[in-house]
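S.K.: The following block contains the structure, expressed as structure tokens.
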Amino acid sequence: METVVSGIRPTGNLHLGNYFGAVKSFLQMQNEYNCYFFIADWHSLTTHPKPEDIVKSARTILAEYLACGIDPDKATIYIQSDVKEVLELYLYLNMNAYLGELERTTSFKEKARKQPDNVNAGLLTYPTLMAADILIHKAVKVPVGKDQEQNMEMARKFARRFNTIYGTELFPEPASYSLSDKAIKVPGLDGSGKMGKSEGNCIYLMDDAETIRKKVMKAVTDAGPTVPNSEKPEVIQNLFTFMDIVSTKDTYNFFNEKYNDCSIRYGDMKKQLAADVIAYTEPIRERIMEYSSNTELLAKIAKQGAEKAQESAARTLKEIREVIGFREI
Ligand code: TYM
């Protein structure tokens with residue numbers, strides 16, 4: 001059975017970008033693949049979270065994974081920092097990752113701009129840690145949103161390079177996976193291209209119905225089309241892209257036709273969108289609350305997952321050490 005790996009940083013609650021870009025694929029893939037879904041707490045250290053928040057944040061994502069329907073009997077769910085083997089591979093990969101290529105990654109440049117007082121080496125080597133997460137289980141598919149494409153390219157490059165240097169085929173080249181035929185980018189409804197925490201425009205799975213309604217109704221629109229079948233301005237396109245992801249095909253087509261014959265009322269479209277989002281999130285929200293309060297169960301699942309992930313990681317690490325030349329003296 002092919003192996004799948006993916007992770008999410010515990011930097012707050014899951015939002016619709018995380019859900020439609022990643023988690024929805026997890027749900028499908030857990031039935032068909034050998035899946036490892038983890039909580040990337042080491043990656044979150046690049047922004048220096050407070051010590052008292054580390055466990056709390058990991059617990060939040062764990063409860064949200066379960067509430068979304070990730071099933072610990074089907075997939076291995078674990079916390080990254082429980083699998084120390086990843087760090088050893090991270091070190092090996094760093095030995096063959098070059099400063100120039102790391103500095104050139106878009107996400108590094110963006111982060112360096114956003115946090116100029118904290119351009120740490122962890123930020124620079126973020127893609128090697130991510131590659132280690134993936135390669136430690138020899139994953140072939142990685143369900144992620146469009147924003148991770150460059151990190152995925154780097155992971156493939158590091159895998160290839162390792163194989164070439166050591167004359168081995170130890171690592172498969174991991175491919176990004178998306179539910180639709182192209183990578184998903186959930187747009188923000190505030191006119192920005194992407195829904196994201198640092199953009200401050202997220203709709204969270206934990207938001208109640210009223211909050212969701214308010215956020216959706218505030219979506220930026222314009223006066224509406226005056227020429228039939230005209231091209232959509234970017235903010236309107238975002239609204240339609242969002243609807244395409246969240247609503248049914250019929251709903252999308254209904255509003256698209258209204259746009260094309262210039263009879264669209266954005267208020268109606270937003271009401272429909274809000275209702276569709278709420279239909280998705282309401283049951284998840286209720287389950288998040290149930291799981292969050294069951295810390296005993298969360299601890300049990302994390303422990304079980306850690307053991308399974310360690311086993312797989314230790315197996316790969318043994319091969320890696322052998323290939324690199326670490327043998328008994
Ligand atoms: P993170 O925590 O930023 O995001 C988690 C997942 O959510 C997706 N995502 C989106 N997808 C579509 N539209 C959006 N607006 C949107 N916002 C977020 C992301 O693409 C991602 O799939 N580097 C990763 C975490 C990571 C990882 C890994 C992932 C660490 N190691 C190994 C896969 C494999 C990250 O920061 O994701």
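Including glycine, each Cβ sits where the backbone N, Cα and C put it.
Residues annotated as ATP binding site in TrEMBL: ARG9, PRO10, THR11, GLY17, ASN18, GLY145, LYS146, ASP147, VAL186, LYS194, MET195, GLY196, LYS197, SER198. Annotation comment: TrEMBL describes 10-18 as motif ''HIGH' region'. According to TrEMBL, the L-tryptophan binding site annotation covers ASP133. The motif ''KMSKS' region' annotation in TrEMBL covers 194-198.
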S.K.: About how far apart, in whole Å, are the alpha carbons (Cα) of MET195 (ATP binding site) and the residue listed as 'L-tryptophan binding site'?
M.R.: 24
S.K.: Measure from each Cβ of the binding-site residues ARG9, ASN18, ASP133, MET195, LYS197 to the atoms of ligand 1 and list the residues where some distance is under 6 Å.
M.R.: ARG9, ASN18, ASP133, MET195
S.K.: Consider each pair of residues in ARG9, PRO10, THR11, GLY17, ASN18, GLY145, LYS146, ASP147, VAL186, LYS194, MET195, GLY196, LYS197, SER198, all listed by the record as binding ATP, and report the largest Cα separation in Å as a whole number.
M.R.: 19
S.K.: Excluding near sequence neighbours, so keeping only residues 6 or more apart in the same chain, what lies with its CB under 8 A of the residue listed as 'L-tryptophan binding site'?
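M.R.: Spatial neighbours, sequence-distant, of the residue listed as 'L-tryptophan binding site': VAL5, GLY7, PHE38, ALA40, GLN80, VAL86.
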S.K.: Which residues of the same chain, at least 6 positions away in sequence, have a Cβ lying under 8 Å from the Cβ of LYS197 (ATP binding site)?
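M.R.: Long-range Cβ contacts: THR11, GLY12, HIS15.
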S.K.: Pick from THR11, ASN18: which of these binding-site residues has the biggest number of other Cβ atoms within 10 Å of its Cβ?
M.R.: ASN18
S.K.: Could you tally the C-beta atoms, other than its own, that fall within 10 angstroms of the C-beta of VAL186 (ATP binding site)?
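M.R.: A count of 25.
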S.K.: Can you name the residues of this chain that are 6 or more positions from LYS146 (ATP binding site) yet have a C-beta less than 8 Å from its C-beta?
M.R.: GLY21, SER178, LYS182, ALA183, ILE184, LYS185
S.K.: Identify, in sequence order, the residues in the chain of ARG9 (ATP binding site) that are 6 or more apart from it along the sequence and have a CB within less than 8 Å of its CB; answer 'none' if there are none.
M.R.: ILE39, ALA40, ASP41, HIS43, SER44
S.K.: Run through the motif ''KMSKS' region' (194-198) and tell me, per DSSP, how many residues are helix, strand and coil.
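M.R.: Split by secondary structure, the motif ''KMSKS' region' (194-198) comes out as 0 helix, 0 strand, 5 coil.
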S.K.: Helix, strand or coil by DSSP: which one applies to ARG9 (ATP binding site)?
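M.R.: For ARG9 (ATP binding site) - judged by DSSP and reduced to three states - the answer is coil.
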S.K.: If H, G and I count as helix, E and B as strand, and all else as coil, what does DSSP give for ASP133 (L-tryptophan binding site)?
M.R.: helix
